[in-house]
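Read the structure below first, then the notes.
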Amino acid sequence: MASSSLPNLVPLGPESLRPFTRASLAAIERRALEEEARLQRNKQMEIQETERNARSDLEAGKNLPLIYGDPPPEVIGIPLEDLDPYYSNKKTFIVLNKGKAIFRFSATPALYMLSPFSIIRRSAIKVLIHSLFSMFIMITILPNCVVMTMSDPPPWPIHVENTFTGINTFESLIKMLARGFCIDDFTFLRDPWNWLDFSVIMMAYLTEFVDLGNISALRTFRVLRALKTITVIPGLKTIVGALIQSVKKLSDVMILTVFCLSVFALVGLQLFMGNLRQKCVRWPQPFNDTNTTWYGNDTWYSNDTWNSNDTWSSNDMWNSHESMASNYTFDWDAYINDEGNFYFLEGAKDALLCGNSSDAGHCPEGYKCIKTGRNPNYGYTSHDTFSWAFLALFRLMIQDYWENLFQLTLRAAGKTYMIFFVVIIFLGSFYLINLILAVVTMAYAEQNEATLAEDQEKEEEFQQMMEKFQKQQEELEKAKADQALEGGEAGGDPAHSKDCNGSLDTSPGEKGPPRQSCSADSGVSDAMEELEEAHQKCPPWWYKCAHKVLIWNCCTPWVKFKNIIHLIVMDPFVDLGITICIVLNTLFMAMEHYPMTEHFDKVLTVGNLVFTGIFTAEMVLKLIALDPYEYFQQGWNVFDSIIVTLSWVELGLVNVKGLSVLRSFRLVRSLKLAKSWPTLNMFIRIIGNSGGGLGNLTLVLAIIVVNFSVVGMQLFGKNYKECVCKNASDCALPRWKMCDFFHSFLIVLRILCGEWIEPMWGFMEVAGQAMFLTVLLMVMVNGNLVDLDLFLALLLNPLNSDNLSASDEDGEMNNLQISSWPIKLGICFANAFLLGLLHGKILSPKDIMLSLGDPGEAGEAGEAEESAPEDEKKEPPPEDDDKDLKKDNHILNHMGLVDGTPTSIELDHLNFINNPYLTIHVPIASEESDLEMPTEEETDTFSEPEDGKKPLQPLDGNSSVCSTADYKPPEEDPEEQAEENPEGEQPEECFTEACVQRFPCLSVDISQGRGKMWWTLRRACFKIVEHHWFKTFNSSLILLNSGTLAFEDIYIEQRRVIRTILEYADKVFTYIFIMEMLLKWVAYGFKVYFTNAWCWLDFLIVDVSIISLVANWLGYSELGPIKSLRTLRALRPLRALSRFEGMRVVVNALLGAIPSIMNVLLVCLIFWVIFSIMGVNLFAAKIYYFINTTTSERFDISGVNNKSECESLIHTGQVRWLNVKVNYDNVGLGYLSLLQVATFKGWMDIMYSAVDSREQEEQPQYEVNIYMYLYFVIFIIFGSFFTINSLIRLIIVNFNQQKKKLGGKDIFMTEEQKKYYNAMKKLGSKKPQKPIPRPQNKIQGMVYDFVTKQVFDITIMILICLNMVTMMVETDDQSQLKVDILYNINMVFIIVFTGECVLKMFALRQNYFTVGWNIFDFVVVILSIVGLALSDLIQKYFVSPTLFRVIRLARIGRVLRLIRGAKGIRTLLFALMMSLPALFNIGLLLILVMFIYSIFGMSNFAYVKKESGIDDMFNFETFGNSIICLFEITTSAGWDGLLNPILNSGPPDCDPTLENPGTSVRGDCGNPSIGICFFCSYIIISFLIVVNMYIAIILENFNVATEESSDPLGEDDFEIFFEKWEKFGPDATQFIDYSRLSDFVDTLQEPLRIAKPNKIKLITLDLPMVPGDKIHCLDILFALTKEVLGDSGEMDALKETMEEKFMAANPSKVSYEPITTTLKRKQEEVCAIKIQRAYRRHLLQRSVKQASYMYRHSQDGSGDGAPEKEGLIANTMSKMYGRENGNSGVQNKGEERGSTGDAGPTMGLTPINPSDSALPPSPPPGLPLHPGVKESLV
């Protein structure tokens, strides 16, 4: 019965769970034999069948699906037959535990002894599957982990360790007994997770019983036990499996990344080898002998004549002067290696670097730049060998503390080499790192889709089962009713009408099995109940109890009182009031600062008490109104109650020390704003989701962090204590160490945050390089991969992924929106009234209501006003009005902006007043709608206005009228605008209609008189401003004008001529731009000009120039306001935005995203305010310290404990009570601190101060408050990780939304059409090339054959790689012997490559230069020879010869020719090529932003004090230096160091009266407020917006590139086709002989190849043939393409398109008319053969008749009745067998001969086999006959 209705489903319930018996095993063996026989039979018959896969829902570890019902107790824990059909012929069985989890085992004997029926094995299985067993193992793992985290364990943990080892051994033994060891499937070692157990146990016994010397490393393996949590906790294995899959996908990116890094490292090695050892060394003091003074007079020393191109690196100079100081010995090497002679900056660990080029760093007076000592950072930062260069480049690509490497390199090598870093950052860091992101994204997306598909399948199955249950229940009820009816009619005993004891009754006339009545009824009911209960959160008794206790309806007065309270509390205005209170409460808490007056402190305390009272009252009233049962059903109410309770607890414990942190819980209340703020709501849901749905991934990350923390502590803890003096002169342990678990945990977290290079230097000093690098790499790869996956899971989570500002799911307005509606109405009313006054009309309230339209639109739709069109305004019947109202609201609430076009429809509100049933539609902006976009029909229905009511469209803010690049009249459609020619347009009206109505004199008649002259003038001006010459001239002037700003640096006062030129140029530019503005006013009119954003920008910038000009004339140029106004000149380059298409596109995209970006930024600010206020509570006034101003040393806490003790010493003048510059004394500075922590720049100082803090106004103490590290850890996770990644998510989603709105034509194509279209698009641009002809000369021909062989190319590639290897082995301090050897090897390579070049030129002659790669090789060879031959000359007079060595590296580019075979890498490079145009546009915008900010920086921060990050090279003094600084900050690197000096606002930090030589500007103080705004805005614009647009574009293009590469046919397939074609068609005629077609298609590569034998296949392709039996390449390619992609209806259209493209690409193609096709040709041949055969048969029959007649005639002599009296046969037969031949024997022979067909040749016919008379010839053996062909041939 169960399976009859749904035969495709497995039998229901417990009946499908059958015990596994010996009979079951025998049945499996029988099925296995049958399957083997069947497969053998299929193999012989060449029948292919699809592979069956195991069912995913019946995998081991998953729960038994619901369709099997609740398994009875007797089948729990015993072997059962496998439910999965896949295993029906495999020796497996399953066991279920009480939790219905499936365990699968092998049915073969375990350990060769224990069969599935053995008592020992069954017992082991019962233990293994028991939930308590896994619980016990989990409980043992946790204490084991705790013991391992002890840094100095007592002796007793050794016994604990042995206990854990014993438990693990017992677990493994149980598994082996239950499963078997390793031979079959599902045995112990077949599970990779068990390898972990096995290795841990083996290591434990090894260390216990075998003496292995230093076993600390082996003991570290014990930490792997913690990974067992992954095997025990359900779901974690799946997550780890998915992670491993994503690693597999990364192989191609990793190869490309390593290749690029190697090339960049080689470039770095050649450019900067040894540079970072150049230091400033004090020049030796003068010394005399008795006769000679040899210091001061010698020109080689004088500072004036010091040759800056020489580095002092030897003692040759001293030797040359030995005779002058014969009595004095001087050890030069010892002197220059003595660190005491190096120049150190204050507080620096390494000596100051310097360089010998003009733009490198220079030494102070008395010091010289000499190459000596070790490299910076313990000697680990250098380019001296390939390995260190590779590490440096890896660090640069990861962007970890790269500003340090950047500054060191530029100081040593020169600022010109900034170009090197720009290339690495943009190509390596932004592109390759984001490619890794893109690949993992795809892997995650695929995995997500698979999971969703599986869930969908389960859901469908569940629905199917529910339907089946319901159907069965209905049938049973019907049957019972029928039975009852029959029983009643028969008057029978009702007790006998049904049997409740499970007996079966069969309906009369029904065949088949008897039907179960009562037991089936109860079974179905139980199943239904079980399915329903599965969806309930709590057990049923809980609901009964809750209804009694938690619902308060005791008496009628109480219920009435409750209803009144409900009415008040649930009012939207109360909600609004509470929201305002939350905002005010947050503001009150944010007003705390230091120092704060006592009165202000009291005000804040009272305010907080009031707010606590308000929120308590709200909670109590809601409890009364809703009852606790309803109240606690809502998450927000639970949240409220927790916060209120904690507030009261905090008030009670206010004086308890250390519990002030409880105040922080009140801050969380501001998150309640999420209730009415969708973006904040989404943000909180994302975070909640990471703890819920993504909890497993978070747990895996936590396990990895804990594991590596313990590993680090075990491996390196002892080293730190023993080798601490290597790192610190005072032998004190550093802050970052692995001596205990907490510090080790912090270091692992720091590495995961991307800060690994600084800890690495210290660790390599104490722990050795190899060991730490291994651990570090493992932490980075494992941790960052999980981290990245977690990030992507958040980023790509389906939760609101397409809808960032979605409101509640039901689409209804929330209480805040409802309550704010009247307020918005009031504001609109006031606006309309004021506008009426301006227009000279006093409007009545009714008129204002009419003019307003729908007030909801102002609040909800923003830019677009939408309401119901006239044709919808029909009066619905009263009884349906509520339903219609709901329906209409539901549809129109979700209309939004359709296709990005704002619709505007006027609503006649009089109709609404007269018709109360008319629906008011409150639209919601598109980004707030939860529904999909309406279809075209819906759009037409709801948003198409009547013709007469279409309003005048305002000018699109994205178009640039002012730029004159894309000016169109405003009322036209965008499509029409794009198509029309702007030259033929007419100017618009000058003024708006309102202005003309107000001032009638503005209306001019343009048909006559002055009006006509005015119109003519306007048209002339219009033509001028629209002319492309005017635009070009204008753009050039803007660029020149912007360029002049770059010269206004600190040296402008000294360059009088340049200054004068700039002043005159500024005036000229101002006049020209005023003229341009006036021209545009006349041409466009005020209406158009002032309704365009770009024109407003122009207008404001020109205004600033005019004001500056007037102020100069009047002599007020030195006034403060005028000076600050001049700063705004930095905005001039913004005018270039509207002139350059590429930048404008990017800006338009950004402008479209700005509302959403601002929304999320605001959310981030709300989220950060919690941490900022918390920081103020925790650290305000606690991070001051006492310092000695002369030595900059801090006083110890034992000497000076607090501020009062400090103040008693301040009178000495050499000490100071100092605060950290970036601190938590108020919320604003707290925000700045958090920004530094979030960007990981400057955060160490903030964190150290916080951790050392004690109480207010007390001296800090080293790590006294160590757990304050957790504040920063929590902020980094929630404040930095989530907020910044949400912003990235927003930008990517917004980018995709805009792309959808402005989507291309692809949207209207099917997937199949896209494939065809892409294949044709690639194919169309190709054409067969004429190959280079082989020379006639014999020797040249031989060389030609040699150089065109593939082996020759591969050999050259190998030599190129070997050449790279020889360059890699170069080091800085290599011996002379090594130098000579490498020189000779390089010489050999140059000879080889020159030889290759010469040979190719000899063989290919002038054709050599027709190939791009050959020209590339030629240039490299020439430069290599020039560099070798003229190195001395070049070094002396021109550039460094290292540049020529770098040019040799260009040869490695040839290796890229080999990547045709590497499809994955080709896809990545293809994605880069596709991204380049968009990335170029973003790069332009970034350059513009950098330019503006560098000008602004020069004008504001040029003279700040040189300290921290600002020094003699990195500053804002010149334009070049500013650009270098801003490039650094683009990745948020080093901005804290640049900001610190700008925060100096007065003495003693800086001197406001300091004179700056060469200028009139005084002082070296900064402006903190301007500095903070400058850096924060730049970081947000560049780092968060522009850089993340890079990510969006790369993700998008990588997806496109992957789609392209996954197409069956790619560009390379077509390239290979034409390459092969060149060999078969050497004359490039585009035709091939039909006879050569078979060979040609056989030489192609898959998928286009048709392997031999292919004759019949080619015939079926039906290829057109032209005279001469030739076939065109296009026809062949098209046929092969169709063969690969399959046939479809669009093929003909696509073929035409392809031919058009090919004709365009191949103008030489001769038009041809095919005369036949290959199929027709074959059919013609077959027909000819058939006709021949038929005719032969006919002749044969006649010949036989004639022969018979002749035989008879020879016997009886009768001559009558001859069949052939005359003709060919008669004559021939007569000649051969006539009477003249004599006797009959001859005739007999003739008959025999004739009968066998030998007469044929004599009659001029081909001999034929009689068997051929019926059928055409068979194909050769081995060639299958194509069925279609066979039919046509026969």
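Cβ coordinates are placed from backbone N, Cα and C, and glycine is handled just like the others.
Residues annotated as compositional bias 'Acidic residues' in Swiss-Prot: 860-869, 929-945, 972-989. According to Swiss-Prot, the feature compositional bias 'Basic and acidic residues' maps to 870-886. Here Swiss-Prot flags 386-410, 741-761, 1228-1249, 1519-1541 as intramembrane segment, drawing on similarity to another entry. Per Swiss-Prot, repeat 'III' is recorded for 1010-1323, and the stated evidence type is a curator's inference. Per Swiss-Prot, the feature site 'Important for inhibition by tetrodotoxin' maps to Tyr401; the stated evidence is similarity to another entry. Residues annotated as topological domain 'Extracellular' in Swiss-Prot, with a curator's inference given as evidence: 151-157, 211-216, 273-385, 411-417, 712-740, 762-772, 1113-1120, 1177-1227, 1250-1266, 1370-1380, 1430-1442, 1497-1518 (among others). Positions annotated as transmembrane segment by Swiss-Prot, on the basis of similarity to another entry: 158-178, 418-438, 603-622, 773-791, 1061-1079, 1094-1112, 1121-1139, 1157-1176, 1267-1288, 1381-1399, 1443-1459, 1572-1594 (among others).
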Cβ contacts under 8 Å made by the topological domain 'Extracellular' (151-157) with residues that lie 6+ beyond its boundaries: 713, 717, 739-741
Stretch-averaged pLDDT - the topological domain 'Extracellular' (211-216): 59
Residues of the parent chain within Cβ reach of the transmembrane segment (1572-1594), under 8 Å, 6 or more residues beyond its termini: 430-431, 434-435, 437-438, 1146, 1149-1150, 1157, 1161, 1232, 1235, 1239, 1284, 1287-1288, 1291-1292, 1295-1296, 1471, 1475, 1478-1479, 1482, 1485-1486, 1489-1490, 1493, 1496-1497, 1500-1501, 1526, 1529-1532, 1535, 1538-1539, 1542-1543
Helix-strand-coil residue split for the topological domain 'Extracellular' (762-772), DSSP-based: 10 helix, 0 strand, 1 coil
In the chain carrying Tyr401 (site 'Important for inhibition by tetrodotoxin'), residues 6 or more apart in sequence that have Cβ under 8 angstroms from it: Arg395, Glu755, Ile757, Glu758, Ala1533
Positions on the same chain near the topological domain 'Extracellular' (1497-1518), where near means CB under 8 A and six or more residues out: 345, 361-362, 407, 410-411, 415, 1048-1051, 1126-1127, 1130, 1524-1526, 1528, 1534, 1536-1542, 1544, 1549-1550, 1556, 1559, 1561, 1563-1567, 1570-1571, 1574
Within-chain partners of the intramembrane segment (1228-1249) [C-beta distance under 8 Å, separation at least 6 from its ends]: 735, 753-755, 1165, 1168-1169, 1171-1173, 1175-1176, 1179, 1183, 1185, 1220, 1222, 1260, 1269, 1272, 1275-1276, 1279-1280, 1283-1284, 1532-1537, 1539-1540, 1572, 1576, 1579, 1583
Secondary structure tally of the topological domain 'Extracellular' (151-157) (DSSP, helix then strand then coil): 1 helix, 0 strand, 6 coil
Structural state census, the topological domain 'Extracellular' (1370-1380) (DSSP three-state): 5 helix, 0 strand, 6 coil
Composition by DSSP (helix, strand, coil) of residues within the topological domain 'Extracellular' (411-417): 6 helix, 0 strand, 1 coil
Cβ contacts under 8 Å made by the topological domain 'Extracellular' (1370-1380) with residues that lie 6+ beyond its boundaries: 269-270, 273-274, 277, 382, 384-386
Tertiary contacts of the topological domain 'Extracellular' (762-772), as residues 6+ beyond its ends and Cβ separation under 8 Å: 378, 380, 715-716, 719-720, 722-724, 726-727, 734, 736, 738
Distant-in-sequence neighbours of the topological domain 'Extracellular' (712-740), which means Cβ under 8 A and at least six residues beyond its ends: 148-149, 151, 216-217, 219-220, 223, 746-748, 750, 758-759, 762-763, 765-768, 771-772, 775, 1248, 1263
Positions whose Cβ lies under 8 angstroms from the topological domain 'Extracellular' (411-417), at least six residues beyond its ends: 271-272, 275-276, 278, 352-355, 357-361, 1513, 1520, 1524
Three-state composition of the topological domain 'Extracellular' (1497-1518), taking helix and strand from DSSP: 5 helix, 0 strand, 17 coil
